[in-house]
Amino acid sequence: MGQRSQQRRAEETEEQRNSRLAVMAQRGQEGRAEETDEQRNSRLAVMAQRGQMRRGEATEEQKIADWQQWDNVASREEPKKQTNKEIADCQPCYNMQENAV
């Protein structure tokens with residue numbers, strides 16, 4: 001981005017910024033409304049490819065953090081399964097106690 005446009009954007013008010021972004025969004029919507037199915041499919045394919053490239057560029061630290069997060073999720077879910085299993089295992093004992101009374 002040019003130095004002048006950076007300076008202009010640094011000086012614009014929040015209202016001016018919101019107006020500029022609204023105009024940009026409107027133009028994007030109009031462009032998408034006029035595109036053919038082929039153009040749409042092409043645009044979506046490019047977006048998907050860029051996403052795959054970004055994921056491929058993930059740093060080793062990011063990959064480790066992702067694995068740790070999944071490990072944390074799995075460890076939180078495991079106790080629920082154990083609890084349900086324990087309840088199921090104890091159910092016959094509970095029923096026997098009720099019948100004995």
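Numbers here mean position along the shown chain, with the first residue as 1.
Backbone N, Cα and C define each Cβ position, glycine as well.
Per TrEMBL, these features apply:
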- 1-63: domain 'STPR' (DOMAIN)
- 1-101: region 'Disordered' (REGION)
- 8-18: compositional bias 'Basic and acidic residues' (COMPBIAS)
- 29-41: compositional bias 'Basic and acidic residues' (COMPBIAS)
- 54-64: compositional bias 'Basic and acidic residues' (COMPBIAS)
- 74-88: compositional bias 'Basic and acidic residues' (COMPBIAS)
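Counting residues per DSSP class in helix, strand and coil order gives 11 helix, 0 strand, 2 coil for the compositional bias 'Basic and acidic residues' (29-41). Helix, strand and coil content of the compositional bias 'Basic and acidic residues' (8-18), in residues and according to DSSP, is 9 helix, 0 strand, 2 coil. Taking H, G and I as helix, E and B as strand and the rest as coil, DSSP gives the compositional bias 'Basic and acidic residues' (54-64) the counts 8 helix, 0 strand, 3 coil.
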